[in-house]
Amino acid sequence: MNLTIDVGNTLIKLGVFDSGKLKLKKTCIKKDLLHTLAEISEALPAIQKCIISSVANLSGHQLLKLEQLFDVLILNHQTKIPFTNKYETPQTLGIDRIALVSAAAEQYSGENVLVIDAGTCITYDFLNSENEYLGGAISPGISLRYKALHTFTEKLPLLEATNPNLYIGNNTTASIHSGVINGVLYEIDGYISEYHENYHNLTVILTGGDVHFLRDSIKNDIFANSNFLLEGLNHILEFNKH
Ligand SMILES: Nc1ncnc2c1ncn2[C@@H]1O[C@H](COP(=O)(O)OP(=O)(O)O)[C@@H](O)[C@H]1O
Ligand SMILES: CC(C)(COP(=O)(O)O)[C@@H](O)C(=O)NCCC(=O)O
Ligand SMILES: [K+]
C-alpha cells in the first residue's frame with residue numbers, strides 16, 4: 001500500500017493506493033496534516049511507502065514525523081519521471097505539474113494530452129504523443145480571482161463562487177460572478193479549442209478542487225478526474241521502485 005500526498009497552495013490531498021486502486025482519500029489544511037497522517041496510519045497500518053509533492057513549504061517537524069511513519073520519497077526535480085521534460089527551465093517547473101504530467105504519460109501513452117488543474121491557480125500542461133512535455137500556462141484560479149477583485153478595488157465585495165445564470169451581469173454581484181466564472185470557462189474552452197486546432201486526437205483531463213464547479217459548463221469534451229494528481233504520484237512511486 002502506498003500513501004500519496006499532494007501539498008497544494010490551499011489544501012493538502014492524501015490518497016492511499018492498493019495495487020493501483022485508490023482505497024482512501026482525505027483532504028486537510030496544512031496545520032491538520034499530522035493529525036490526518038496519524039488517522040490514516042492507524043486505519044491502514046499496511047502502508048509502507050509514501051510519496052509527497054509540495055508546492056508549498058511544510059515545516060521540518062512535519063517532514064520528520066512523516067519520515068518516522070513511512071518510507072518517504074520527496075518528489076523533486078531530480079526524481080526519475082516517466083516522460084521527457086522539454087520545459088525551458090525544468091528546475092522551476094511546479095512539482096504538482098510533474099505529477100499531473102506523469103499521470104498523463106502513464107494513462108494516455110501515445111496520445112496528445114492537455115491536463116487542466118483548477119486549484120489555487122489554473123495550470124495547463126501539455127504532453128504530446130511522443131511523450132514530450134512542452135509546457136502550458138498558469139492563470140489565477142476561481143477563488144484567487146474573487147479575492148483579487150475585492151482586495152485591489154475600493155468597491156467590489158468578496159463573493160462566494162456561484163454559477164452565473166447569464167453572461168450579461170445586470171448588477172454588481174452578477175457582473176462579478178459572470179466575470180470570474182464565465183471568464184474561467186471562456187479561458188478553458190479557448191485553450192482547448194486552440195490545442196485541438198494544432199493537435200489531432202487530443203485528450204483533455206480536468207482536475208483540481210474546482211472540477212465539480214466547472215465540469216458541466218465546459219463546452220468541449222473533457223474527462224473530469226479529481227484524483228488525477230494523486231494517481232500520477234502513485235505512478236511515480238511505482239516507477240521509482242525499479
Ligand atoms: N473546502 C474547501 N476549502 C478550500 N477550497 C476549496 C474547498 N472546496 C473547494 N475549494 C476550491 O478548491 C480550490 C483549491 O483546489 P485545490 O486543487 O485543492 O488547490 P491547491 O492544489 O492549489 O491547494 C480553492 O481555490 C477553492 O476554489
Ligand atoms: C503554478 C503553481 C503555483 C500551481 O499551484 P497550485 O494551484 O496547484 O497550488 C505551481 O505549479 C508552481 O509553483 N509552479 C512553479 C512555476 C512553474 O510551474 O513554472
Ligand atoms: K493548480
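Heads up, the Cβ atoms here are built off N, Cα and C, so glycines get one too.
Annotation source TrEMBL lists ATP binding site at D6, V7, G8, N9, T10, L11, I12, K13, T120. Here TrEMBL flags Y87, G94, I95, D96, R97, T172 as substrate binding site. Marked as active site, proton acceptor by TrEMBL: D96. For D117, the entry in TrEMBL reads K(+) binding site.
Projection of TrEMBL feature records onto the structure.
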residue : record                 : Cβ within 10 Å
D6      : ATP binding site       : 26
T10     : ATP binding site       : 16
I12     : ATP binding site       : 22
Y87     : substrate binding site : 17
I95     : substrate binding site : 18
D96     : substrate binding site : 27
R97     : substrate binding site : 23
D117    : K(+) binding site      : 28
T120    : ATP binding site       : 21
T172    : substrate binding site : 12
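Looking only at the binding-site residues G8, G94, the densest Cβ neighbourhood within 10 Å occurs at G8.
Residues D6, V7, G8, N9, T10, L11, I12, K13, T120 make up the record's ATP site, and a Cβ search at 8 Å around their centroid adds V55, A56, G119, G209 from the same chain.
Taking the Cα atom of each, I95 (substrate binding site) and G8 (ATP binding site) are about 10 angstrom apart. Proximity of the binding-site residues G8, I95, D96, R97, T120 to ligand 2, judged by a Cβ distance under 6 angstroms to any of its atoms, singles out G8, D96, R97, T120 in sequence order. Checking the binding-site residues G8, T10, Y87, R97, T120 against ligand 1, the ones whose Cβ sits under 6 Å from it are G8, T10, T120. In this structure, D117 are the binding-site residues from D6, I12, Y87, G94, D117 whose C-beta falls under 6 Å of some atom of ligand 3.
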